[in-house]
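> Below are the features listed in TrEMBL for this protein:
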TRANSMEM  B:6-31  transmembrane segment
DOMAIN    B:173-379  domain 'ABC transmembrane type-1'
TRANSMEM  B:179-199  transmembrane segment
TRANSMEM  B:205-223  transmembrane segment
TRANSMEM  B:259-281  transmembrane segment
TRANSMEM  B:315-336  transmembrane segment
TRANSMEM  B:356-378  transmembrane segment
Amino acid sequence: MMTRRALLALLAPLLLASCGSGSDLRPLTVVGWGGSSQDAHRQAYWSAFSRTTGIPLREDSWRGGVGVIRTKVMGGDTSWDIVQVETEDLILGCEEGLFERLDWSALGGREAFIPTAVHDCGVGAMLWSYVIGYDGDRIKGAGPRNWADFWDVKRFPGKRGMRKTPKYSLEFALLADGVPPDQVYPTLRTPAGIDRAFRKLDEIKPNVVWWSSISQVPDLLGSGEVVMSVTSPGRLVVANRTEGRHFKLRWDGNIYAVDYWVILANSPRKQEAEQLLRFMTRPENQMRLARFIPTGLTNIEANRRVDPKLKRDTPSDPANMTNALELDADFWVEYGDQLTQRFNAWVAR
Amino acid sequence: MTRRWVSFALIAPLLAFLIVSFIVPVLLMLARAVTDRDLDRTWPASAAALRTWDGEGLPPDALARTVAREMLAAHRAGTLNRVANRLNYDLVGSRSLLYTTADRLAAGAPGETLADLARIDRRWARADIWTVMRHADGPLTSYYLLAALDRRIDTGGHILRVPREQAVFVDIFLRTFKIASLVALFCALLGYPVAYLLASLPRRIANPLLILVLLPFWTSALVRTAAWAVLLQTNGVVNDLLQYMGLVDAPVQLIYNRLGVYVAMTHVLLPFFILPLYGVMKGIDPTAMRAASSLGAPPLLAFLKVYLPQSLPGVAAGAVLVFTLAVGYYVTPALVGGGADQMISASIAFYTSQSLNWGMAAALSLLLLLPLLLMLFAGRTMVRTVPA
């Protein structure tokens, strides 16, 4: 009797442990970017999905970087099913076989989505941009109109907030230097073009506060640490709504990109993940997302039917897309290492 | 003897766990710094042919043909990315070169000779892509370690510096060790009196104070860092106070520079210095100090001759702990530092999670780990040589 009880006591933790790690016992797990973006997705999709299908959902959040997923897949960690990724992550992860190839016919066909949202391994989740943001309470009147004004520290004295990465910074420098949007990446693909971008950055460098997390931007602008900043519109729009701020956005020469949903190749719940993917990309559901966060939609019909007022602070409004530039993820996959190295050396000098 | 075996048996599960879950993965990761299997595993025939090629000028047609065949096969099998990314690390542009060439081969373009390849893209008629391939034929490589030291190897096998605008890692390493050393020093200057106070006060008062030291652990380092941004910004509390007291006329730049990094990191890491030192100070017999005074030593001399040497193991332990944690920091310098304050773990994180260049991440990690191990060893010897 005693020995059997001892044996049970020994085995119980093992049994529990094997249950805990048994991925077929955990609910379908969806991974977003946290913060207001994740809140919006929950309100627009996830609660309704669980309610209508009876499939329980577990949430997790991450800060991007396909290496995180590679580590999980290599290490046999199957805790995530469906993840929101950036374009470079999508390209690298798809090549490595980290993601499932999507069944596009089940999603309504490739032509139901804007072209940039369609990829063998991923479907566009949201369309977002980097734009110029400034505080209307500090810069009265006209304000900066474009990147040339952003560079003009005589007319607009004060510091500028920029993201501490070569990505976006080099593109904006060339736009400020008068390179037409469609020539930015061809120019950056030449050594002379890269030199030109860094020379333009030299001009503004003493006046830059480099931020590394987008969550810093509302504070930097709100406290007056910087007078204008590279920013994504979402947080400033939310701050205007909830904190009575008067942040303004300038869309001229914005860089836009798509974030994608992918299903991990080692997901033990692929069918449910596909079900969730279909749910999140249906037009009637995507239209709801725009209510909770200012974002461009990827489903063409959703874009047609959504209230035009909700498009105002998004890349889906044609009025915002003057001189706009689509992020060239292939360029950054190829040049990212070299330019990050050079940028880090430059920024420290 | 049996007792030793029993105690070994008791720690054996922990040891096995550590080996399987920590030591082996770390070694496997670090091995990537010196191994180079992307090309020779994906293109075995090309790798063999590259090894027999003398590397002079342009390759023979037979080698070009082998490469073209394996390129096409890898493209069809979906494994071309391994070679394409590996070559691209060394020669930017190789990735798109391989993909566009493979696409053209798949569309029926001939790839029987070097001239055929050059017709698809004239870069194939240049020596650099072939040299890079030859350097990547594995199984071992010096590429990553050299690159992590801002060096590269040329066609003739000479080690050269990379161009100035690409040279970054040596600077970041030196900066990382400098910041970590100074943070450890600041923690020592601020932490020693606190630990002394805690150790000498009666328990009734010391315990609540100790809780104050531990309190910051309940808040995430991220939140504490963000709080410093609020205090130190141009229109922040500290600047307002300085101006109110008339110490400065205009706001001082206290954050988004090195000063901000020192302040925030010292604050976040201070408890890691105080706690081990407090533990050591508690063990120092107070009668020794009284004995010194009764023998006529003035307080300062008694402290220097009797107390300080006995507390040094605690200082060393705290400093090593703070230094070790500090060299691995990257969130705090990223949030409160400026352009010149990035530390090496930010680069390691970049190569690990963004660009998937794990060879480079491993090489940088190895170069970070070696001085740390040396320092830990030196710290141990120092603690041992301190008279008990």
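Any Cβ shown, glycine's included, is placed from N, Cα and C.
If you look at the structure here, what lies around each of the features I listed?
Nonlocal intrachain contacts for the transmembrane segment (B:205-223), taken as residues 6+ away from its ends with a CB within less than 8 angstroms of a stretch CB, comprise 194, 197-199, 267-268, 270-271, 274-275, 278, 331-332, 335.
Sequence-distant contacts of the transmembrane segment (B:259-281), counting only residues of its own chain at least 6 positions beyond either end whose CB sits under 8 Å from a CB of the stretch, comprise 179, 182-184, 186-188, 190-192, 194-196, 198-200, 210, 213-214, 216-217, 221, 224-225, 228, 232, 253, 310-311, 313-315, 317-319, 321-322, 325-326, 329, 332-333, 335-338, 341.
Within its own chain, the transmembrane segment (B:315-336) is flanked in space by residues 176-177, 179-181, 183-185, 187-188, 191-192, 221-222, 225-226, 228-229, 232, 255-256, 260-261, 263-265, 268-269, 272-277, 280, 342-346, 349, 368, 372, 375-376, 379, 382-383, 386, which lie at least six positions past its ends and keep a Cβ under 8 Å from the stretch.
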